[in-house]
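All remarks here apply to the structure that follows.
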């Protein structure tokens with residue numbers, strides 16, 4: 001960390017380029033790790049097939065986190081500049097928005113767990129859950145558009161609550177499922193490496209959130225939210241359409 005700070009301070013690497021550098025390094029690390037596992041002689045045909053099935057899930061996870069983590073970039077700017085934070089006679093600080101998603105998680109995590117348990121074998125497959133997560137995330141960004149173009153401080157507070165509710169629903173479709181899936185699909189010889197790949201998808205998505213947020217400003221909200229939202233929905237739709245081939249590659253894992 002000290003070395004990184006020195007490099008940035010010296011001007012060799014610009015601070016605004018850090019997220020892009022992390023995207024490149026994380027992508028390379030994931031490609032190398034996938035290649036090492038898939039070309040290994042220590043895995044059998046079924047295990048190799050399951051690793052292949054994880055590739056589209058890795059991509060969907062990265063896309064999801066690239067949007068979700070914009071809570072701490074785009075959402076922070078939006079809450080400060082665009083949101084009407086005068087609620088019940090109080091002028092709330094922008095940071096209060098960061099507490100909305102955790103509250104929803106506390107309320108709905110148990111509901112989702114109970115719902116999946118009650119559905120049992122009838123619950124959606126993992127690819128469908130991932131497609132729902134990325135699709136709902138895209139809808140959350142499209143939900144910003146009706147409030148775009150107004151003056152600063154005019155977006156009603158209830159709107160951000162609804163949007164973050166969608167964030168939470170998307171998160172509960174992917175986050176609890178992702179790590180579990182990586183362990184189920186992992187070859188015996190590469191258990192920890194598959195878990196590492198899942199966390200690399202989180203890292204890649206988080207870095208992408210920083211890169212994407214550089215394109216946001218209050219003057220270009222509609223094209224930004226439209227492109228991001230439709231892109232995420234498209235990924236979810238493709239994953240849904242490809243669910244059967246992916247499930248087949250999973251070789252009995254769901």
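Cβ atoms are placed via backbone N, Cα and C, with glycine included.
The transmembrane segment annotation in TrEMBL covers 17-39, 51-68, 100-118, 130-149, 155-174, 195-216, 222-242.
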Contact check, the transmembrane segment (155-174) vs the transmembrane segment (195-216), 3+ Cβ pairs under 8 Å, seq sep 6+: no
Listed stretch, out of 17-39, 51-68, 195-216, 222-242, that has the most CB pairs under 8 angstroms to the transmembrane segment (130-149): 222-242
Dominant neighbour of the transmembrane segment (195-216) in 17-39, 51-68, 100-118, 222-242, by Cβ pairs under 8 Å: 51-68
Non-local residues, at least 6 beyond the ends, that sit with Cβ under 8 Å of the transmembrane segment (100-118): 71, 160-161, 164-165, 167-169, 171-172, 176
